[in-house]
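First comes the structure, then the notes that go with it.
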Amino acid sequence: MANSDDSFSMSIKQENPTVPPPPPPPPTATPPPRETDLADEKNQSLLNSLRSTSLTPQEAQTCLRSLTNVMTSGEDEDAALFQEVISKLNESELKRMASLLTSKYDHYFLKIARNKNGSIHLQKLVGKSDDADTFFLAAIFRNFFNVMADEHAPYVAIQGMRVFSREKKRAMRDKILTYAVPLGCDQYGSIALNAIIRDVSFLYCSVALFDVVASKARFLSYSRYGNIVVQQVLKHCSLHSTRNIGVSLRGHYVELSFTEGGRYIVEKILERDETGVLVMTELLECGSDNLVRLATSEYGHFVVETALKVTRGVLFRGLVNKLKPFLPLLRTSPQSTTIAQILESVP
């Protein structure tokens, strides 16, 4: 029995031999640099370049490329690096940075401003130093339409309109007014104008902008993007500007009502008592066939519905009397069923 136990113990020992510990790793010559060390080195290098008053053309070019890469990067590390760098620059160094960014025929400035991240970083620079703003304003003016008609670059100029000195704000206002019509007809230019119209902090510009839009309302209302600018002005402007737009569009209300954007403009003018009479007069003066065509059209029926809902008195009765003979036709058109219901409710 003892021999049997010894044999069993021997078999366990053979099945579970002792595993020796792994050998220690060979020593490395130099530990790899930490990411924080690399970031600090990059930060200091950029700071030194921006603080230098005697960069060679080659050093300036290297600094510009590095700065552009940091400002257009979407990485959090680069955003933090940029924020730290500009927080350590004094006014004269910020001026030097702005001068550098707007050199080379504004190539790097435009490249950064047209980039989503670059635009955000430029907006943080604007307003930090009046001397630096002089360079930024000059670059914006040299490329005004291209800046304002871009997807991201306009927000640099718009931020400037918030934080520039009073003199520079006036200069921006005058430039906006000069380019208002071509910008209003552009996809991104119209978005920039609408941002200015909506923001109460731009009243020093938008009040005069309302007058420019009113004077060109007829042209803008037929534009794909311009009609949205006219709509925004009608939404935010005073009665004075609404009346001016209404007068500018006189003779074109029926035609505009057949279009997708135009019908919104006509409805907004209809909804104000002081200007609604302009639209109603034109609806009553147009031929019966044209009025019925408008009432049964894809966009025009909205205008006729609004006219019947917001108008009262003689003008309302006149429109009802003009439409009622066509009630059977209006009942059968899917666009004009609401119009038919309103007419049927009137004794």
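Placement of Cβ uses the backbone N, Cα and C atoms for every residue, glycine included.
Fair warning: this is a prediction, and the values are worked out from it, not measured in the lab.
If you look up TrEMBL, you'll see 1-40 marked as region 'Disordered'.
What TrEMBL records for 1-16 is compositional bias 'Polar residues'.
TrEMBL lists 4-346 with the feature domain 'PUM-HD'. Taken together, the residues of the domain 'PUM-HD' (4-346) have an average pLDDT of 91.
Annotated compositional bias 'Pro residues' per TrEMBL: 18-33, in sequence order.
According to TrEMBL, the repeat 'Pumilio' annotation covers 282-321.
The residues of the repeat 'Pumilio' (282-321), classed with DSSP into helix (H, G, I), strand (E, B) and coil, number 32 helix, 0 strand, 8 coil.
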